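According to TrEMBL, the protein carries these features:
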type: DOMAIN; residues: 338-450; note: domain '1,3-beta-glucan synthase component FKS1-like'
type: TRANSMEM; residues: 492-511; note: transmembrane segment
type: TRANSMEM; residues: 562-582; note: transmembrane segment
type: TRANSMEM; residues: 594-616; note: transmembrane segment
type: TRANSMEM; residues: 659-680; note: transmembrane segment
type: TRANSMEM; residues: 724-748; note: transmembrane segment
type: TRANSMEM; residues: 1469-1491; note: transmembrane segment
type: TRANSMEM; residues: 1526-1544; note: transmembrane segment
type: TRANSMEM; residues: 1614-1631; note: transmembrane segment
type: TRANSMEM; residues: 1637-1661; note: transmembrane segment
type: TRANSMEM; residues: 1743-1763; note: transmembrane segment
type: TRANSMEM; residues: 1775-1799; note: transmembrane segment
type: TRANSMEM; residues: 1846-1867; note: transmembrane segment
């Protein structure tokens, strides 16, 4: 082969090989091109398997390998002759190149292809003989029969794997032979057929292999009686018609009812296979929970079928009841067991193939309803013919005829949302389609589908930004998501009415000086008009909010809206009129109060009826009464008028006791809130308000328009506005404090934080076995006598020890422990003959030496000595264990006289103890000698058995004898005189101890080793383990053993569950390139991890057998070490590998629990007599344990673009494949885009596929379900979950993000958690189980710890209160456990409509609650969670969440929950969801309102006048009102939950230290900055939209962020607003009336703090943010970005112009432009106020002054334009332009100087003008930007852009200069590094820089 051909071949192989381990292909043998067949050829799976075998036999037989490759090429050529499919040409080229390579390697000579078949036949025989095929099965069978739990499990595993590989190869060889020729010798043909029959278990299956009785199936799952019963229940029963002959069924199994449904409705084959397994598992798991005894022929119990039937079709039954239609069965009791299974099977087959239609659960009910009727008709006719609804032109396809028409209209609507830019009101989302099926109108669609207006596809929308509306479309269904803040009132009107009325009432009382007389009462009655007017506003919003749905919504709903509008408009007119007339009547002295009495009667009746209806409809206890009265038309009409009746949201009431709990909770809050409002907010302002109203002749500084002759209304508004804002806000602050205290008390009640230190763990360790057995292990032993108590304790310890040891072993494997710590923490098996419980060494270490010292120094009596020792329980246990263990060891190793000596010594000791003479009989001060001799003996016995060791052991025993005989013993030898004589004689003659029985028994060896450790470890082990994470985990696990949790059921009876992880393209596994790549500081991720986790790095090196001082390069020599290193690093990041490892602990835990529960030990003694009862060696290889774990647990990772990643050779694909190889139970689902040829055209098809790793470590496709089109119509993550949810199994499903982790010890508790579904949690069973999270990224940096503590506070204390007592916990992401069947039959585990459901997770909680679910929270189990660790990552994440909450405000789910909850639950819901963000925004608004009010008082001159008059009149109340530091600063109370959480779980002292540390690390700056982030994104989303998913990266932040990048990210959200606050504060400082600096500081300190936090936090928390060299580079980069002109394709990160356009892109609608204009008008106040304060204007307050200021501004803008005139335009008159610019400059300077000299203009006036014109210019810019299309048409856009660039340059400089200044001082950078990163990293970083010669770019 030529050099060029060889290089080409290498290139092709490299391109087609996808495996990647580290750098290159380290750790993986070179592979061929198998496994990477293009998608357009993927329908022929034979190509892939043929190429795999060709790779396998390449070295063994190249010729046969070449034959296989050529056959694969011919198959590919037949499928796509013209290579039109994507990737086919490259694949064929590569394959041909491989074939040429194979030809080149053979001997010289022509190829005789006529011999290929003969060669293949001959190789088939040779391969069979070489691998002893006939013996393989027999050997495997014999091993299997030797015992499931034998020690040969590893050998069995290897034999099974080898057999499968050999038969897989033979199967392919036989298949190719049969395809190449029909002339196969008869004998060979029989052999091939026989071998093929043995490969049935090689066919891809997920969990259960079908058929169960195939002779080759080795999976133990087929032997479980519940599985066999479930499979038999699916068999073809008598009522089913016979299937047609042409319908093919594999010969290996008989037809079942799934085949019948497949034949009739044309479901896809893989969908049928998938649902067959799904239903079998559902039925089998339900059967296993019934505890039915095993039978020879297991049958499915009726109760199991009934449970699955009712659970699966519960939503369908409710739908039928709601629509008042008859279900497909007339009498449920008459439906047979087989028919029920048939109905369930039909439903799940529909669901399994419904694709995006799964988001429409009631649409699925409609489809099921009609298809079940069709099925009934076919059953009645007894002819298995295709159903009319699914057949067309002779082709039967459920997907094409039923789902695709629905999908197409949904997809067309989704396309019309313009990628989320279109208004929600302009297109129908998933909810709109689904809600169409909530009325009987849906039956107009008929069956089969009739293409009515429902299926009308919309025309594309106009792209004109100023044009309203879209093309022709069908309206919304029952709700329209208009983008407006009014949704907050519309959804929660009861809250706002209540707050307004209470404020009005309290204000009236306050203005009446607190007197409750007739006058006050008459004024309080004005609440009547207030109430009806606010209800009228609500009815107006009802009318307006439904705009866009009137043509399509139900007529009844429209009638209700207008009836309510008429009723409340009439009521508001009548009530208001009566009250006004009553007031007029009061002023008439001759009136007799008739109108007032009439008003009282009307209000009394109106209020009474409203209260009565509220009582009946909102109080839980009265719900049944109202439901019973529903048959009365009047009652039904009143209920309908009061509350819209939807399919969801019915019956949302709680148990009366629960209602009373959360009512009391809110009564406490409301009492505190209104007491605070009255005494601290309203009452103090009464007197100042009266004073202001009565003031007159106020001299205004400016030209006043509105404040004359109206009692100083604006001043009153200024005074009251911050108070009103605070009144709306303080209820949340009080809620925060009360909920924190309540949560603290709940946590204390639940025993959280009882074990919070290692000392606590050690003190009560002896209680752990009993607690563990009680809660986690359903095997118990009873005890009555004291000896039985000991036995019971030992039984518990023996059962506990394997679990504890496995926990410790896993901590070691995770590198949290050293080998020595692992040895100390291990617990003995406690299955031996010692009459006591043996505890781990870390409890007993050094106790013997302490006891020896006490005994040696003691002069006490025996009982006093023992009492002193017994004060420390573990010292007592150590002494007892040494005593018994030494006796056991010596008895076992000694013979004859030696054993007699041991018995006599121990008899003497026991006699002395009995006689209480131990101190007299033994020289206790010589115990050290005994210990030294025993230690010497044990040290020798610990070594290998050798002659020299045996001699040494004999010598050691003799020394021990001598010490005991001569130094220690002082007992009477007369009792056994002869025996002592014999012993003494034997010692003299040298016979004593001459021969030892060397310890060979495992138990004896273990005792020797343990006693040796006990006698040699002198240091205390009180600080073991040292690793903080290991401590935390052990503390939490042991603490949870004493918490309230349901007792665990045996594994075979537990609920089954799945774990479900969506993945897109995040990091799977760090490559070596990523780990070693250095940033600009020379810091790599690996270096960073080594410094952050130094102890774990040392433990890792010890685990892989490397010296910790060895060079790192030595690691890179070993492929296995490189792979281990990559996993070690990945397990410390937020990677998929970490998540998969954590979740697979569930399987490991279930295998261990199954293995240890195999013996249901009723008799303690019998159980302990068997060592293997607690021997866990090989539990992971036990076939039964693995099968049981697979039956109960499934893990599906839905890697959306895995297929695409494989095609593009992305490293993520190889890493995912590696994870599948390492975890046999891991399943990966993905969307495969397949291009197929039809009529010469390439058609794109989408498949939802499930794969697993096969025996060769490659992907094996299990299911491939065709989809109707691209599944991504809405938000990516929920769509990704939806396509793969069909592959999940079980009763429950845990949703896990790919940045989470799990722990083995927590996985042991999952059985207990699942039992919560059957526990009493209120009026309804639990549907979502909330689980505690631990944020594991807190140690990365100070920011990460802030985020960790904030998140930790919410996910523990916060959610604890939401669940109990408030009953409003929702689903806040992961790791909640869903009732799987409940949710998949009601729309899934998330919602997916574009933009509106961007926070997709929480909608699962909304949906569950609306559909009568119940969400709980449990804290005895935890799951790890990663959070963002850099400020930019955190800001993006918080921006996404805040934007998502902004969208929630508009959603129908929030509206319905706000309407349907009772009042108190509504309050809880509001303040814990959208209300939290609104209150956050209100906090910022309060500061704005306060400062703008102060600016008004300062600029208008009113403030000065009033304070002077207050002084004169000595009005201290007014003075205080004008100068107080407003109460928005009580936001400090929001830190209360975090503090109480610390105290509960860490203890008071550690909590105080943690809190102070956080303050020193400037956490307040961070939280203030986050306040701005949430406010900006929440407000902007409601105003303009633009919420979107933000990919935050989740990486390690060790790099410096450039100034320009921070400026781009925070300019509009923080910097502009921060500078606006600074401007207001400067104006107030300059023109406000203050009593000196202290008064100003107290008044404005919090505002200054907020403004400075917003301006400088991004740079304060930026790594190396104050390093001078970085600052210089940042400035250069920023100026380049600022001055670079944008263009087509230029991104915002490259050019200021492109970025500015991106920043304006969210303003798209006319409404948005108008709102932006109105908001921008506030910037013009500054100029208007300041120009009247200039010295140049004197006392003139006419409008002329303001007019002149605009002329001055126009001149400045003209000058700016002259100086920034485009050089491109002026290229032909450069000289003239420069002359004009110079002249203009001189004239401007001269004019300014003349004005200063000849007029009253002063230098301060010039600065004041700048202060005035800067905000005006920004206001003009903002308005121009809002009307960008219009400004462009006017030709002014370039000028506007130039001014905008100037503003950004100015703002950037204002922020940059202080940073540059501080960068001059080196200590600032050092301080910042210490502030941001923990000490270890800071120290490591500094050392590395010194070693590198301070050169940032050299290696470390």
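For all residues, glycine too, the Cβ spot is worked out from N, Cα and C.
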Mean pLDDT over the domain '1,3-beta-glucan synthase component FKS1-like' (338-450): what is the value? 91
Could you tell me what the rest of the chain brings near the transmembrane segment (562-582), counting residues at least six beyond its ends with Cβ under 8 Å? 522, 525-526, 528-529, 532-533, 535-536, 538-540, 542-543, 593, 595-596, 598-599, 602-603, 606, 641
If you count every Cβ pair below 8 Å, which range out of 492-511, 1637-1661, 1743-1763, 1775-1799, 1846-1867 shares the most with the transmembrane segment (1469-1491)? 1637-1661
Per the definition of 3+ C-beta pairs under 8 A with sequence separation of 6 or more, do the transmembrane segment (1743-1763) and the transmembrane segment (1775-1799) touch? yes
Outside the transmembrane segment (492-511), at least 6 residues beyond either end, the same-chain residues with a Cβ under 8 Å of its Cβ set are 520, 523-524, 526-527, 530-531, 534-535, 537-538, 541, 674, 677-678, 682-683, 686, 724, 727-728, 731, 1458, 1463, 1466-1467, 1470, 1475
Answer with yes or no whether the transmembrane segment (1614-1631) touches the transmembrane segment (1637-1661) by the criterion of at least three Cβ pairs under 8 A, sequence separation 6 or more. yes
Taking helix as H, G and I and strand as E and B in DSSP, count the residues of the domain '1,3-beta-glucan synthase component FKS1-like' (338-450) in helix, strand and coil. 83 helix, 4 strand, 26 coil
